[in-house]
Amino acid sequence: MSLYPEIEPYDHGMLDVGDGNHVYWETCGNPHGKPAVVLHGGPGSRASPGLRRYFDPAAYRIVLLDQRGAGRSLPRASAPDTDMSVNTTAHLMADLERLRVHLGIERWLVWGVSWGSVLGLRYAQTHPGVVTELVLTGVATGSNAEVALLTRGLGNIFPEAHERFLAELPPDARDGNLPAAYNRLLESPDPAVRERAARAWTDWETATIPAPPGSVARYQDPDFRMGFARTVTHYWGNDHFLGDGNDEGVVIRDAHLLKGIPGTLVQGSLDFGNLLGIVWRLHHAWPDSDLVIVDEAGHDAGTTGDEALLAATDKYARGGTAE
């Protein structure tokens with residue numbers, strides 16, 4: 001099973017979501033089809049055209065957006081004067097609700113990758129009445145334990161890269177909240193300091209979470225690199241803005257709020273970025289979910305993962321029934 005053919009949007013726009021922010025959105029596929037919204041990763045990445053291809057364009061009304069500060073949304077997080085205090089998980093969920101209402105959609109399927117899975121899960125827990133299904137891959141829950149693994153624990157597997165990662169920080173900042181320490185550098189008034197920090201952060205990302213060549217190439221764009229690093233460290237350094245109790249994971253703690261929402265979780269067994277054990281616990285706390293484990297696959301679950309994602313969206317387009 002291959003991805004659906006490339007398609008172009010039939011409509012797009014910039015939605016004023018307040019706080020001086022305008023969010024880019026686009027719609028593809030069938031204007032009268034089953035609504036689905038796609039949540040990209042990062043935080044701070046963008047909605048790439050390839051994400052349109054996980055849905056049957058004859059069956060779905062596919063909505064994509066660039067989250068605050070990312071991609072084509074304005075202002076960009078890469079601009080040093082962009083106010084990041086109005087870029088939080090609560091703001092992003094409110095933006096989704098504004099967009100849903102703007103497009104006249106009553107309920108929609110939520111499809112998320114990596115950080116998009118965290119946002120999608122929390123959105124569904126907060127607004128369960130508007131979510132028909134969840135399809136998630138490269139699944140994370142945004143817990144502090146996951147951030148500690150990504151910024152410290154993986155140093156046991158990639159010691160040389162981790163040494164370089166720590167070397168960019170002042171010595172007195174290497175034992176504390178590493179994302180917050182990097183974020184302070186990325187907020188520096190000195191452009192050279194900001195650029196070194198952005199490059200060091202994305203170098204660590206590419207060393208530990210292998211991705212398709214196209215995804216790695218984007219880090220060579222200074223504007224993308226800066227916006228991505230600034231946004232990720234802003235979220236990771238602030239507990240993903242998920243509130244108290246996130247050391248062990250607010251999303252799994254509140255999994256009961258997903259009751260009645262069908263979901264499909266697709267995870268590579270060798271995903272160092274989001275360990276399978278986290279997804280396993282989420283799956284068992286959410287009885288309405290199906291878990292597809294892709295053997296010997298990483299954060300990008302590859303062709304087998306794509307097949308599972310396509311099977312999920314095809315199934316939900318048929319009302320949740322298998323072929």
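Even glycines carry a Cβ here, placed using N, Cα and C.
Database features (Swiss-Prot):
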- Ser114: active site, nucleophile (ACT_SITE)
- Asp271: active site (ACT_SITE)
- His299: active site, proton donor (ACT_SITE)
- 37-301: domain 'AB hydrolase-1' (DOMAIN)
Asp271 (active site) CB neighbourhood, other CB atoms within 10 A: 25
Distance [Cα-Cα, Å, rounded] between Asp271 (active site) and Ser114 (active site, nucleophile): 11
Predicted model, mean pLDDT over the domain 'AB hydrolase-1' (37-301): 94
